[in-house]
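So the structure is just underneath, and the comments pick up after that.
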Amino acid sequence: MDNNHRRNVSQSKKYKKGISKKSKHENMEEKTGEAKFKEAQIKLQQLVQKHLEDKNISSSDEEEELETNNILGSVIKKYSQYGGKNEDLERTQNFLENVFHSGAAACLICIATVKRNDQIWSCLSCFGFFHLLCIQRWAKDSIAHQKLAAEERPSSKTSFIIWQCPKCRKDYEQTSVPDAYFCFCGQKHNPEFQPWLVPHSCGEVCNKSLSPSCGHYCLLLCHPGPCPPCPKTISVSCYCKKGERKIVRCSEKEWSCGAVCEKILQCQQHHCPKVCHLGHCPPCGKTSLVSCDCGAEKSLRLCTQLQWHCNKVCGNPLSCGKHICDKVCHKGECGDCPRSLPRTCPCGRNTLTIPCVEDVITCGETCGKLCEAGVHVCPQRCHRGACPMCLEVVVKTCQCGLRQKEVSCHQKAYLCDAKCKKMRDCNIHPCNRKCCDGNCPSCERPCGKTLSCGNHKCSSVCHRGPCYPCNVVKEVSCKCGSTLVTVPCGAARRTNPPRCNKPCKNPPKCDHLKREEHKCHYGDCPPCRLICGIKKECGHSCPEICHTALYLPKEDYKAATPWDVVNTPYEFKRLPCPRCEAPIEIPCFGEHLILKLPCYRAKPQCCGQECGRRLQCTNHVCTFLCHVVENALSKIVSGSNCEECSQDCSIERDCGHPCPLPCHPGDCDPCKAIFKIRCLCGLSQLFINCNDWTSTEDKEALQSCGNRCPKNYACGHRCFSQCHSGECPQIPPCRKKVKVSCGCHQLKKELPCHLACQLSCDDTCNQLKAEKLKKEESEREMKRLAEENKNKEELLKYEKRMQGGKRRERRKAIETNEESWLAANLMMITGVSVLTISVIIGFYYAIYSMNL
């Protein structure tokens with residue numbers, strides 16, 4: 001229902017826009033189609049360009065994430081070398097992670113992300129960092145409000161003006177407003193962002209004094225957050241100095257040995273009962289009888305109050321004998337009379353010793369004391385009381401240094417009328433202060449800029465950067481005004497009305513007296529979801545959802561011109577009730593089923609099934625679609641207008657052959673079909689009557705062809721039986737004659753098949769084998785001798801050819817030795833060569849076979 005309502009509301013708005021566009025179109029009829037097309041094209045290009053610019057701006061604001069592992073390692077490297085613990089770095093590491101991760105650190109003043117290249121200020125107490133411009137504006141506003149409040153209060157109630165950190169509320173003086181951007185350790189002014197350093201740091205060693213002070217300095221590189229505890233090791237003793245010294249970390253140098261302290265307390269009577277502890281021993285909790293300082297009274301007091309005074313004035317005579325001591329209860333002697341000691345005149349030049357009963361008189365010389373300015377001396381004679389104002393005329397320069405003037409010395413400063421032209425910290429207004437000394441005060445004018453809401457002005461003092469958001473709120477109500485929501489100023493126009501849980505009060509537009517209850521809303525009410533209920537001609541009431549007032553588009557609506565946007569207007573319409581769908585039970589023509597049909601088509605009709613009545617053949621049924629049966633004897637027998645059976649007999653016989661008669665009642669005749677089968681041995685085909693095959697029991701005799709079996713025994717000879725099934729019978733054993741020989745094929749015999757076996761060689765066979773071996777050995781010896789004779793003949797020929805002088809003889813001898821050595825080792829060289837070649841061939845053959 002809500003979706004339909006929203007759709008109807010949005011479409012109604014589109015309808016109104018379409019009407020306004022249509023009126024504009026009527027005023028611009030004079031323009032041609034081409035001019036309108038160019039105008040639309042220019043607007044589209046402007047929108048695309050604006051989208052690209054917004055995308056570039058948003059992408060430029062995104063910061064790439066830095067690789068923090070290497071940078072963090074370099075920051076804490078020196079600290080780790082001294083054995084610093086990771087637990088001590090936990091708080092500092094949290095600040096480091098906030099600096100590195102884009103978007104993790106936010107300025108608490110402007111609620112914007114502190115980027116890596118922004119100028120920041122870090123608090124000395126909580127170590128939170130803020131934008132430099134934000135903290136300057138925060139401090140200026142705080143100081144300006146305090147000054148304004150001080151002006152409204154009486155002058156006697158002026159207070160010290162301070163400003164506080166927005167996070168931890170640490171107090172800062174008015175002169176401590178930050179005016180420059182420094183790194184975390186404060187050593188470098190305006191540090192540049194480097195991707196290999198911690199953002200806002202200088203990359204140097206921090207060197208801040210550690211807290212609590214131990215004489216050492218921070219070992220980390222310039223970093224945000226607090227400095228970790230000192231990791232260095234020192235040798236120290238326990239609190240009471242009784243235990244042995246041990247080596248501990250400087251941050252954990254104070255330790256207790258666990259023994260009783262036993263130091264003498266301040267009362268000098270009792271000992272400290274506590275276990276070895278830090279600092280001074282606690283006050284003694286015991287009591288003792290103690291005299292006052294003058295010894296006049298005694299009292300039981302705590303050991304922490306050993307020295308006490310009674311209320312009695314001393315009253316003892318002084319040494320002069322003319323005055324008495326006016327001190328209250330004191331120890332020791334009263335001392336000399338103060339007036340009997342040497343005294344000076346008022347100017348301090350002369351020292352006199354006079355009786356204590358006489359007063360000091362003036363000496364009559366010039367006073368000579370310096371005036372308040374510290375330049376001139378008092379010209380009057382020695383006098384009592386303060387010196388008068390210095391009336392000497394001097395030349396003084398004004399604060400701005402532009403002019404000089406002769407004035408009295410007692411005047412503290414001379415101010416000229418020249419106005420300072422320097423710009424204040426807002427960079428908008430000039431100083432305009434008379435005779436400014438260069439330290440121009442912060443601008444205290446109101447900002448007055450229009451805020452982002454567009455309705456109000458900024459009430460802060462003049463500042464740089466964006467203004468604070470508007471703090472004015474407005475109320476947005478539902479249609480009935482019962483539910484309100486508070487939104488910031490300027491957001492009321494783009495804020496959706498609040499959801500109201502109270503019922504809508506709009507009257508229905510349909511025929512119902514009361515619509516379904518729904519919550520308060522703007523725009524048209526959702527379509528009525530109640531049942532229509534109007535009675536039709538058939539007597540049934542309409543069961544559909546109400547359709548007497550539907551918000552539908554106009555039919556056949558078209559735009560005035562092809563280039564206009566088609567915004568179809570909507571209107572309320574009354575639709576007629578649909579056809580009655582109430583179910584009514586109606587039997588089909590053949591009375592097979594009771595059909596449930598809608599009211600508008602409740603008439604007897606075909607159900608779509610076959611008639612199904614038994615035909616006269618008693619084997620088949622009528623296959624006509626459901627119809628009215630005429631002249632039927634019963635509800636299961638076919639009528640005169642049913643189908644006549646024209647099929648063949650469909651009774652299945654045991655043999656599987658179909659009956660050749662048309663469809664008939666009763667059993668079929670015996671089968672007379674002849675079929676062809678293979679005999680048992682598989683050599684012949686037999687033609688058998690189907691009735692004979694199905695009626696006989698000895699089917700193997702009927703299937704045998706009577707010929708000899710073509711199969712062979714295990715010995716390889718043919719079976720002697722007639723055509724049969726299964727394996728061939730081998731009774732009696734096979735007596736077929738076969739030839740048998742010995743191993744050397746010299747002896748040969750014929751034996752029956754079942755007695756056949758290999759003959760063994762006799763003496764004749766062995767004698768023939770020996771003769772054959774002897775003949776082969778003699779042939780090999782003759783071949784060897786023939787080869788040696790051939791080699792000797794070739795050697796003699798070579799020697800005859802090489803005969804000559806000494807040189808030839810020497811060469812011949814060398815060659816002869818070489819040839820003799822070759823001849824002697826020829827067989828060995830040949831064998832090695834053949835073996836090498838065979839190995840290489842075998843290797844390549846193995847590689848080839850592996851590739852295959």
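Just so you know, glycine gets a Cβ as well, placed from its N, Cα and C.
Record features (TrEMBL):
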COMPBIAS  13-24  compositional bias 'Basic residues'
COMPBIAS  25-35  compositional bias 'Basic and acidic residues'
DOMAIN    214-232  domain 'NF-X1-type'
DOMAIN    267-286  domain 'NF-X1-type'
DOMAIN    320-339  domain 'NF-X1-type'
DOMAIN    367-392  domain 'NF-X1-type'
DOMAIN    426-445  domain 'NF-X1-type'
DOMAIN    453-472  domain 'NF-X1-type'
DOMAIN    510-530  domain 'NF-X1-type'
DOMAIN    538-555  domain 'NF-X1-type'
DOMAIN    617-647  domain 'NF-X1-type'
DOMAIN    655-673  domain 'NF-X1-type'
DOMAIN    715-736  domain 'NF-X1-type'
COILED    761-802  coiled coil
TRANSMEM  821-847  transmembrane segment
*Mean of the pLDDT scores, which run from 0 to 100, over the domain 'NF-X1-type' (426-445)*: 84
*Using DSSP, tally how many residues of the domain 'NF-X1-type' (367-392) sit in helix, strand and coil.*
0 helix, 3 strand, 23 coil
*What stretch in 267-286, 453-472, 538-555, 715-736 has the biggest tally of Cβ pairs under 8 Å against the domain 'NF-X1-type' (426-445)?*
453-472
*asked:* Can you work out which residues elsewhere in the same chain, 6+ from the ends of the domain 'NF-X1-type' (715-736), have a Cβ less than 8 Å from its Cβ atoms?
replied: 679-681, 683, 700, 704-709, 752-754
*Using a Cβ distance cut-off of under 8 Å, indicate which of 453-472, 538-555, 617-647 has the most pairs with the domain 'NF-X1-type' (510-530).*
538-555
*Please work out the helix, strand and coil residue numbers for the domain 'NF-X1-type' (538-555) from the DSSP assignment.*
0 helix, 6 strand, 12 coil
